[in-house]
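Asks: Structure below; questions to follow.
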Amino acid sequence: MEDKLEQLERLNVPAMDEILGVPFKVLDDGFVRVIDYMGTDKSIVQAARVSYGEGTKQVLRDRELIRYLLRHRHTSPFEMCEIKLHVRVPMDTWRQWIRHRTANVNEYSTRYSIAIEKAQKTGSGEWRGQGNDNRQGSGGTIPAGVGEELTRQEEEVHSLSRSIYQHRLDVGVAREQARKDLPLSTYTEAYWKMDLHNLLHFLALRMDEKAQQEIRDYANAIGREIVNRWCPLTWEAFQDYRIHGLGLSAMEVAIIQQCVSGNLQKAKNLAIEYGLLRQTESGFKSTLELREIEVKLHALKVKIPWE
Ligand SMILES: Cc1cc2nc3c(=O)[nH]c(=O)nc-3n(C[C@H](O)[C@H](O)[C@H](O)COP(=O)(O)OP(=O)(O)OC[C@H]3O[C@@H](n4cnc5c(N)ncnc54)[C@H](O)[C@@H]3O)c2cc1C
């Protein structure tokens, strides 16, 4: 006897259909908008049930199953969902964005077309200082008086580079060569398509506070405005496990066990033994890893034993 196949309906998400083509503004002139999508939370569940069989239906409801899959890093069910975005991004941010290799991309070509006229502007209160903790990052803001001067200089650079670009085009220089001195703040546009598993990876890296503010703004818009509507159960699980959850290594577990048992000296000794806390001539020095453990101890409201 032939197996009876279930009746299928196209899965769609009304909350996503409402925002198709609607731009979510990011930075001063950037945006992200959904061009198309395939799949929903239900597609993830459906794919998982093909592999696990009907049994999971009785045991795990959709939300539980999605949480299980994400918790145990099952990836292929999330790859069943795809999204195509239209993004408008300054080129320096795009340079970071395009490092994510699992996307399908078509970018606006400044060999064929005249470069987008807009360049990202920085308000006088928006200039950030160099970070102390993270040598790649920023910390605090530059005083407003200095910021005004920086913003004025920025306007001069944008205006000068644009007028030189325009002059090159006017005298017949090819667009592919004329563009070479446009600033990295010039906006570009792209169609960017990715599956949900890789999108969550992108979001985990780019929503993180260690990522640059500008790409974080885009990642937050994609996560909160789009994925939240598209696959709410997955978004909830992702936030719970990846964004707000704490992963603990075996060393961290051992240190925390000593902390919560009140054995602070033993906890400190473990940190030294593991090479996380180093004795120097001027006292103990924390490694980067230990400083990250301190953040977890703070979150758990556990006293830091080496302070
Ligand atoms: C805060 C931050 C700082 C960074 N600083 C720097 C820097 O200073 N210099 C620099 O060059 N980059 C830097 N990067 C970029 C970073 O190293 C990665 O290239 C980028 O984040 C893409 O990550 P990914 O390769 O995991 O993701 P994707 O390219 O999206 O790939 C997703 C996953 O697919 C798999 N995959 C994809 N392609 C391959 C492949 N060819 N082989 C095997 N597996 C593959 C991997 O598992 C990968 O994790 C930084 C990124 C962040 C978030």
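Every residue gets a Cβ built from N, Cα and C, even glycine.
TrEMBL: automatically predicted annotations, no manual curation.
Quantities reported herein were computed from a predicted structural model and do not represent experimental measurements.
Sharing the feature lines straight out of TrEMBL:
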type	residues	note
BINDING	Ser76, Arg99, His100, Arg101, Glu107, Asp195, Leu196, His197, His201	FAD binding site
BINDING	Gln96, Trp97, Ile98, Arg99, Glu107, Tyr108, Ser109, Thr110, Arg111, Arg179, Arg206	dUMP binding site
REGION	122-143	region 'Disordered'
ACT_SITE	Arg206	active site, involved in ionization of N3 of dUMP, leading to its activation
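For each listed feature, how buried is it and what is near it?
Replies: Within the same chain, residues at least 6 positions away in sequence whose Cβ sits under 8 Å from that of Leu196 (FAD binding site) are Gly39, Ile44, Phe78, Glu79, Met80, Cys81, Glu82, Ile83, Val227, Cys231, Thr234.
Packing around Arg111 (dUMP binding site) is summarised by its Cβ count: 9 other Cβ atoms lie within 10 angstroms of its Cβ, all protein chains included.
Within the same chain, the residues at least 6 positions away from Arg206 (dUMP binding site) whose Cβ sits under 8 Å from its Cβ are Gln96, Trp97, Ile215, Arg216, Tyr218, Ala219, listed in sequence order.
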Asks: Whole-number answer please: how many Å between the C-alpha atoms of His201 (FAD binding site) and Ser109 (dUMP binding site)?
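Replies: So the alpha carbons of His201 (FAD binding site) and Ser109 (dUMP binding site) sit roughly 27 Å from each other.
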Asks: Under a threshold of 6 Å between Cβ and any atom of ligand 1, which of the binding-site residues Ser76, Gln96, Ile98, Ser109, Arg111, Leu196 are retained?
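Replies: So the answer is none.
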Asks: Report the same-chain neighbours of Ile98 (dUMP binding site): residues 6+ apart in sequence with Cβ closer than 8 Å to its Cβ, ordered by sequence.
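Replies: The answer is Val105.
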Asks: Highest Cβ count within 10 Å among the binding-site residues Ser76, Gln96, Ser109: which residue is it?
Replies: Gln96
